[in-house]
Amino acid sequence: MQQSHQAGYANAADRESGIPAAVLDGIKAVAKEKNATLMFRLVNPHSTSLIAEGVATKGLGVHAKSSDWGLQAGYIPVNPNLSKLFGRAPEVIARADNDVNSSLAHGHTAVDLTLSKERLDYLRQAGLVTGMADGVVASNHAGYEQFEFRVKETSDGRYAVQYRRKGGDDFEAVKVIGNAAGIPLTADIDMFAIMPHLSNFRDSARSSVTSGDSVTDYLARTRRAASEATGGLDRERIDLLWKIARAGARSAVGTEARRQFRYDGDMNIGVITDFELEVRNALNRRAHAVGAQDVVQHGTEQNNPFPEADEKIFVVSATGESQMLTRGQLKEYIGQQRGEGYVFYENRAYGVAGKSLFDDGLGAAPGVPSGRSKFSPDVLETVPASPGLRRPSLGAVERQDSGYDSLDGVGSRSFSLGEVSDMAAVEAAELEMTRQVLHAGARQDDAEPGVSGASAHWGQRALQGAQAVAAAQRLVHAIALMTQFGRAGSTNTPQEAASLSAAVFGLGEASSAVAETVSGFFRGSSRWAGGFGVAGGAMALGGGIAAAVGAGMSLTDDAPAGQKAAAGAEIALQLTGGTVELASSIALALAAARGVTSGLQVAGASAGAAAGALAAALSPMEIYGLVQQSHYADQLDKLAQESSAYGYEGDALLAQLYRDKTAAEGAVAGVSAVLSTVGAAVSIAAAASVVGAPVAVVTSLLTGALNGILRGVQQPIIEKLANDYARKIDELGGPQAYFEKNLQARHEQLANSDGLRKMLADLQAGWNASSVIGVQTTEISKSALELAAITGNADNLKSVDVFVDRFVQGERVAGQPVVLDVAAGGIDIASRKGERPALTFITPLAAPGEEQRRRTKTGKSEFTTFVEIVGKQDRWRIRDGAADTTIDLAKVVSQLVDANGVLKHSIKLDVIGGDGDDVVLANASRIHYDGGAGTNTVSYAALGRQDSITVSADGERFNVRKQLNNANVYREGVATQTTAYGKRTENVQYRHVELARVGQLVEVDTLEHVQHIIGGAGNDSITGNAHDNFLAGGSGDDRLDGGAGNDTLVGGEGQNTVIGGAGDDVFLQDLGVWSNQLDGGAGVDTVKYNVHQPSEERLERMGDTGIHADLQKGTVEKWPALNLFSVDHVKNIENLHGSRLNDRIAGDDQDNELWGHDGNDTIRGRGGDDILRGGLGLDTLYGEDGNDIFLQDDETVSDDIDGGAGLDTVDYSAMIHPGRIVAPHEYGFGIEADLSREWVRKASALGVDYYDNVRNVENVIGTSMKDVLIGDAQANTLMGQGGDDTVRGGDGDDLLFGGDGNDMLYGDAGNDTLYGGLGDDTLEGGAGNDWFGQTQAREHDVLRGGDGVDTVDYSQTGAHAGIAAGRIGLGILADLGAGRVDKLGEAGSSAYDTVSGIENVVGTELADRITGDAQANVLRGAGGADVLAGGEGDDVLLGGDGDDQLSGDAGRDRLYGEAGDDWFFQDAANAGNLLDGGDGRDTVDFSGPGRGLDAGAKGVFLSLGKGFASLMDEPETSNVLRNIENAVGSARDDVLIGDAGANVLNGLAGNDVLSGGAGDDVLLGDEGSDLLSGDAGNDDLFGGQGDDTYLFGVGYGHDTIYESGGGHDTIRINAGADQLWFARQGNDLEIRILGTDDALTVHDWYRDADHRVEIIHAANQAVDQAGIEKLVEAMAQYPDPGAAAAAPPAARVPDTLMQSLAVNWR
């Protein structure tokens, strides 16, 4: 069943119900079987799969709370902290713990929680588990911040759940509550109500009514009771008759049926009727059939002493159809079902929540006759008490003295009338059942033998009497309602107001019905006839009043003026005529009694008196109130002009409602005045008549009573008006949608305001954002709340809503910038990499969660709509995308308080960054921020001066303790708006955010992946971590500690202590009045006073003194303003930047960087290699000891520079660049520096030259323009940078750089190094051994070496894009003899250098070809496969990396192959050379032409083992060989001898002797008759053409001969013929020397004849090819004797083999 609980649902309602599909099928079957509608509360979705899995469900004996998070979701944890109560107050947890103990003490068990794999899958899909690694479970729930959970697989394939507190030692099992059998429990399926059909009780009603007697007996008792009742029409007898009539119905519907009680100690925990019990058992039997446990454990909410108020109810009809209904829909549905004969039994013991549900949804349901509603006195008198309480009387209720005041704060009257309402619906059904029973009884009377006609007559009379009583009750009810509504503080709902209106308009009809029915019932009783004549008149007057009231109501309609005037006339006529008619009836009756008759005469004077009475009846205060009400409507019209433009029409609707209310109340006031006047006139006329004073008295009493009734009807009239407007709202989409338009309109109004657009545009500029995402929380308007209250819709709206827009430059743009989930508290920013959005909250962001509203009667005529926020109220989660986002949290609500302002909880913020560089502007809330990738910043600048933060580093995390003292925080609470509507008062709660001041508040933020932290205005303490942090204290006396990493520290205003810690830190200071303590710690640290700080703006500066800083003393003296002085104490600071004023700065003995910035500064470097920069202004710079650098950037002043000791440099590279100059320089160059004359001339854009005095300076760096740099007799470094520079070194070993441009470089005397750089440069070395460094390939430079041994170096050229464009792998082509270097790897290219006087060349990293000249050259190949040729002279060739080719040519040369497989071309006749192969397998080659081997010359004699090579028999021609592996001979007769390594020896032409030596060698004889001896090792021998001889013997290893045909070839083996064993191995011939491991293979001997040798010699014998074949065939007949046998054993060899050996070896 586990696999199918989500499958098989018939519709969306089934799925939403949470009931497993298989169980639900059984429920529908039971509904059909029992002919009853079944209603259920929604099942927790986390319990759905558990029920389907067969988990047991809890009964009423379990009071503990289930869990809605983590692995235990749906179960009932023994530890309340693991339940849905997690995070609640300690006292709540303590009470929950008691509930758990109570459950365990009464038959329940604690069970170790285990889960199935399917359950784990569900938890993942539901988002309750977000990950699992090695059994450890992850989740987003806050509980996982306090607890760790893991699962372990058990032997039965389930997973045991364990937990421990974070940081705890051992895991323990999670225990949940189970039943007595040890099966875990989950929530059961709660039945809300059952509606059985009346047909279920027809038989039981009859037997119950008769109580064992016949129907005839029952009717006889009824007849006798009715006979007794005819003695009078007093209240007691009418009640008695009514009770008799309904006796059977009450029992029939089960309200008095046997109940089942279960007890737990003295507590009544459950009530269930017989029918409910029957249904429950049927449902559980169906559940068992599909593998579930009991799913329903108790009765319905109809018998629950503490019922719930649900927003939705799941309904299964008697036909098996299912649907999901809201409260309002349920009300209508129950009414429809009642009309079809189904009985709904309400709960009599509802508390506040339950009563509200039935007041709003069921109290005025269709099918409940108005006569059976709350205020019927007979109903009230017969209401039984709730359990344990006494029954109130009507009088007690009206006095509000019923003893109910202690119940949950509910007013006594409200609770009592609630019981009446509950009874009203039941008694309506009882009335219908009574009628059925009485009709059945009458028919039974007629059918039974022996029953007289009188019995049938009394049956009819009993029914008639019941109808009379019903009609009378309707009349009494209508009058009671009118009276009740006229009292101050009356309690009534909008539904009651509707009932009242119906009663008022039906008054005339009710009066006639009562008169007719009662007269018929008592027909024949003459003593009552006269009385009812008067009663008939009174009822006729009642009809007139009703008509008058109806006409008055028409005045409230939107009717033409003429129609309203007619209605007013109708009022006067009806009331006047009715009153006169009543008075006439009374007068005539009295006159008849006295036998006196007389006409009615009204004197003119009496009419005048009546007019006076009319004027007196109009109250000035009443008129004033109506006028004020009209003015308020005008104000609402003004509001409507703007709200209507944004789609909300409610203000206009409310204005019209008040105008209609004003008209209605004016009409009632006028009618009342007219009635008083008419009454007075009638009394006067009666007094003048014959009837005299009695008529006047009666008339006065009647008109006074009617006037009171009319005033009482005023409230129903305006209530009907409110109902009419409520219907209008329903017709316009319903209240929820209607009032949401108010929120939308208020949002649009603000979003389109000029002020907001400007503010957001400024924010975008200030934050350097690409757009601003504005989140606006909008509160409903006061006028909308007022309209909702009047129309009874205050519980059908939202008081706040959240809207999101994107703005660019203050204008709204399309797109969905965030995904907002208010219910779950989620904000996801939809941003992409490269964007720079900013998120801000335009209005304070309210708490997350959904709003639930409940309207409850709280006084006589008072209603209160309560609001409650449900869901995840304590946390917002904000998730960023990949952009660089600014998130402003300043206006996020930090606290949630209740209606009394008591703190419920703080609201936390989870902010999850993306890949960008994000900035979070924090507020007072508790924040957890994970910055993710990028460089992220959190700023607390919004905190006040009395607040402080303490930041500590915990590995990758920062913990930020915020101490808020008397701070302002945004707080959300509940406010109440009170609206008086006539006598009705509506108190409507709504969500409201305010800026509140708190005393002391401590919150702790956690920050992860954050690099930058900015403090607030208070005294903060901030400690960094191991990363490169940016820490700013803000205002206040702060303490900053950078920790490890290269940090930037900003103390800000106040007396700060700033510690750099490890790493190269930067301190940003201002010139404030505060003294600070600065400690750089380890690393190279810098203090900067040139950063503009806000505190400087508040100082009126008098003078231009900046700072006096002395790093050696550890002080920085500051003059922030006139007569103000402060000192910063510094230590472990290496670098310091001055202010924008005139500073004095001195370093210490460390390597300092000192920068004056603006102002006329004096800077001393002292010891160490310092960097000094004066900045703008007339500066004096002293380098003193050390190799110092002076950075010059101001060409408009003259500075004084003294380098002092050491090698010092003055650098002008930052002085002139396109961002500085505004016009071409007058002289067309940047600087002219002459160190020999100790000055530097600077050409300014103003055409004025300025000179810097430079002393003791060795080096100069020029500008980007045309410079002239001249050295002195010292070793100078002169760098021209850009422009066409002239650089002259002078004496000394100088380093000259031309930089960009066509430069002229002159080394002059000394061993100079010259770099031309970009451009066509001319470089002259002058005297000395100079070095020319060439770095570009696509230019034409002229290089003149001058005197000395000069070198041109192209090794850096390959690193530039100019080399080998389209010529991949080719370097330079240099020929010193021709004086040309082609730089693109081919001769004749356009990019070449002209060289002269150059002796040495260094090639590139590519393949170069470098040729020397007649001088002694040094040629270096560097990288690549180079070709180096020394030419004449004693040269040095170095191949470098790569497989190089080296040729020394003439002269005594030294050739070094270095790395790679190099090839040396050597002339054997050229003696005295050194050839060193270096790494790799290198080859010496004597084969080339011109190697001294002319005709008649001798061949080469070479020994790699001895390391020499010479002409044959001419040792004086010897050359030294080192690290050479291979050799190639000449065309003569050569002798090539290898060494112990693996050699390749190639004899080429001639009759060569090749000897491999030890190692696995390759010998190639090539042309000629060669002698090849592999010697030791496994060698490959290639004889080639000619008559070749191969030598082999003991100790030679395993050699292979590769013959290719031609010549007469021989193998000579140093062994006896009897030691050789011949065998065929594939196509090869193998010859083995027995007794050894040596073997000789002739490759492909059997493939064809070209691969064979002609003869083999062994000792003094030989064998030819034919003999070899015979030996192979003969030996193939015998097993190989192996290497151990020295010769074939003669004793075992047949004579045939011996004969073959003898015959073939000769």
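The first residue you see is number 1, and the count goes up from there.
In case you wondered, yes, glycine gets a Cβ from its N, Cα and C as well.
Fair warning: this is a prediction, and the values are worked out from it, not measured in the lab.
From Lys152, Lys983, Lys1113, the position flagged in Swiss-Prot as N6-palmitoyl lysine is Lys983. In Swiss-Prot, the feature N6-palmitoyl lysine is attached to one residue out of Lys374, Lys860, namely Lys860. The helix, strand and coil residue counts that DSSP assigns across the repeat 'Hemolysin-type calcium-binding 15' (1555-1572) are 0 helix, 6 strand, 12 coil. Cα of Lys983 (N6-palmitoyl lysine) to Cα of Lys860 (N6-palmitoyl lysine): a span of 10 Å. Beyond its flanks by at least six residues, the repeat 'Hemolysin-type calcium-binding 6' (1279-1296) meets 1213, 1229-1230, 1235-1236, 1259-1273, 1302-1315, 1317, 1319, 1326, 1328 of its own chain at Cβ-Cβ distances under 8 Å. Counting every protein chain shown, the number of other Cβ atoms lying within 10 Å of the Cβ of Lys983 (N6-palmitoyl lysine) is 20. Same-chain neighbours of the repeat 'Hemolysin-type calcium-binding 11' (1429-1446): 1376-1377, 1403, 1407, 1410-1423, 1452-1465, 1475, 1478, 1480, counting only residues six or more beyond its ends whose CB sits under 8 Å from a CB of the stretch.
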